[in-house]
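Per TrEMBL, the features are:
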SIGNAL    1-31  signal peptide
DISULFID  Cys48-Cys268  disulfide bond
DISULFID  Cys96-Cys110  disulfide bond
DISULFID  Cys115-Cys121  disulfide bond
DISULFID  Cys180-Cys240  disulfide bond
DISULFID  Cys188-Cys203  disulfide bond
DISULFID  Cys207-Cys216  disulfide bond
DISULFID  Cys217-Cys227  disulfide bond
Amino acid sequence: MAEHCSRCRTSGARRSLLFCALMALLSFVAAGPFVLAEGIVFHVANRCPFPVWPASAPNTGHPVLSGGGFLVPPGKSKRVVAPATWNGRFWARTGCNFTANGGVGAAAACLTGDCEGRLACNGSVGAPPATLVEVSMHEGPGKGSSYNVSLVDGYNLPVSVSAVPGTGAADPSKCAIAGCARDVNAVCPPEMQVTAKSAVVACKSACLAFGLDAFCCRGAYATPAACRGSVYSRLFKDACPAYYSYAYDTTATTASACHAREYVITFCPGRWGGEPDGAAAAQF
């Protein structure tokens, strides 16, 4: 390399300069493999028989992804790229009409999960009740990424989360959270229902519906020992065993130590119960 670059010092010809630049590039490539630092990819898929408007909100200090909200028609998905250390949440909005309010946030535009009436939530958190996917990404050496699904603020749609095989996860099955065994809206008690045109579109958590410390795990109930769940959280748990049914639900699934570079978040998974829908991850 030194011999080649000596030509650059002794000759001002453009051809020699280009030759030096080419040799430097070849030396860099020969030094070893390199990877473009794109970050983490979320494939946000909709298997519901109706459109959904997924949204995301970052934790403090993290950027907004894809404007914070977008439409995904039935059977389609959207690719969302995030920094490798992104933390935040995803949820789905249903029954949206942004034409009625001009899309400027003048009034609620969605029946569930609304974010100030906007298509692009731009970091705003959705109105509960809504099923939440909570993620903490840590790609690279170390503890890896983790995520869970929470019904602490209520439920609107079932969702599954899985790692895409072949993108870095040693065992994708350990990084999977299954959907629900049954539709919570179908078994939601009247006092917790959110309805539209006589149909149940969401189910409040007991904390959201009643605001009592015993249901919200606060005040005198702000410890795992004191906050033991309720008949209402057990209803959530029976329908969606893998989800957090209340704040201190120790039986919920938290996928952890996941090192994949791509994940699939599927609203209305192909199967409502049992194992996570592997077909969704396999197609990416």
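Using the three backbone atoms N, Cα and C, a Cβ is placed for every residue, glycine included.
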Residue, out of the disulfide-bonded residues Cys180, Cys216, Cys217, Cys227, whose Cβ gathers the largest set of other Cβ atoms within 10 Å: Cys180
Tertiary neighbours of Cys240 (disulfide bond) (same chain, Cβ under 8 Å, six or more apart): Val149, Leu151, Tyr155, Pro158, Gly179, Cys180, Ala181, Val184
Rounded Cα-Cα span from Cys110 (disulfide bond) to Cys48 (disulfide bond), Å: 16
Integer Å distance between the CA atoms belonging to Cys121 (disulfide bond) and Cys96 (disulfide bond): 13
Cys115 (disulfide bond) versus Cys188 (disulfide bond) - Cα distance in angstrom: 24
Protein Cβ atoms within 10 Å of Cys96 (disulfide bond), excluding its own: 22
Lowest local Cβ density among Cys48, Cys115, Cys203, Cys207, Cys268, which the record lists as disulfide-bonded residues, within 10 Å: Cys48
Inter-residue C-alpha distance, Cys268 (disulfide bond) and Cys203 (disulfide bond) (nearest angstrom): 16
Spatial neighbour of Cys115 (disulfide bond) that is closest, considering only the disulfide-bonded residues Cys203, Cys207, Cys227 and their CA atoms: Cys203
CB contacts for Cys110 (disulfide bond) [other CB atoms within 10 A, all chains]: 26
Nonlocal residues around Cys121 (disulfide bond), in sequence order (Cβ under 8 Å, 6 or more apart): Ala55, Ser56, Ala57, Val64, Gly67, Gly68, Gly69, Cys115
Rounded inter-Cα distance in Å - Cys216 (disulfide bond), Cys110 (disulfide bond): 26
Rounded inter-Cα distance in Å - Cys110 (disulfide bond), Cys203 (disulfide bond): 15
